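Engineer: After the structure tokens below, expect a handful of questions from me.
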């Protein structure tokens, strides 16, 4: 039995992945339905259908972090490391397993939100007609995958469920939004924050002025392209994963 199969079995041995996946899909698609149902037909755009993907991604990242921290909490990680002394392989297998599940969930969220929007806005002319539209719809698969790997790295570093969840939620929803108020450097620093970058990848350059007003990551003056943004987010995640592997190999389980 491969490490990937073992990690898949461990992941689905509890109900939390199912609950997190269901919550991500229901919350995102449900909020999208409410938004589209209350928008004028002319205001319904591809960007509007994907406006709540960030919340779904946050929920999936919580699930990914719990896949690591739960093992530390109950001590099962010791048995894992005894069976597989190569701790690097364990973390990589967990990252791939959780990442793939997250990517699939991201695609369900994005296309589900688009589908429900078409049902509620039949006369909006909503369609997928450009490469940018396809990026907005298919991009969550890649973004959720990378985000889940980042959450695994955070979970391995912190090892405490409450600490990992708090950091993920506060970081994505609050901390980055407060950076611009730092005098002098805040505005210049914000575009280089990881969640700013992933938001720019998902919804940047869609030409939706309403979204741009709600999220600074979608502004036209962002100093890089959406594809550079996902590359930057992936590089940041890789650095965090390498750090978590180094720390995990050096300390006791």
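Glycine too: its Cβ is placed from the backbone N, Cα and C atoms.
Feature table excerpt (TrEMBL):
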- 18-39: transmembrane segment (TRANSMEM)
- 51-70: transmembrane segment (TRANSMEM)
- 91-116: transmembrane segment (TRANSMEM)
- 136-158: transmembrane segment (TRANSMEM)
- 165-186: transmembrane segment (TRANSMEM)
- 224-247: transmembrane segment (TRANSMEM)
Engineer: Please indicate, using numbers and ranges, the residues of the same chain that are 6 or more beyond the transmembrane segment (18-39) and have a C-beta under 8 Å from a C-beta there.
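Structural biologist: Distal contacts: 12, 48-53, 55-57, 59-60, 62-63, 66, 101, 105, 108-109, 112-113, 116-117, 120-121.
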Engineer: Among 91-116, 136-158, 165-186, 224-247, point out the range having the most Cβ pairs under 8 angstroms from the transmembrane segment (51-70).
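Structural biologist: Most Cβ pairs under 8 Å with the transmembrane segment (51-70) come from 136-158.
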Engineer: Would you kindly check 136-158, 165-186, 224-247 and say which stretch has the most C-beta pairs under 8 angstroms to the transmembrane segment (91-116)?
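Structural biologist: Selected stretch: 136-158, with the most Cβ pairs under 8 Å.
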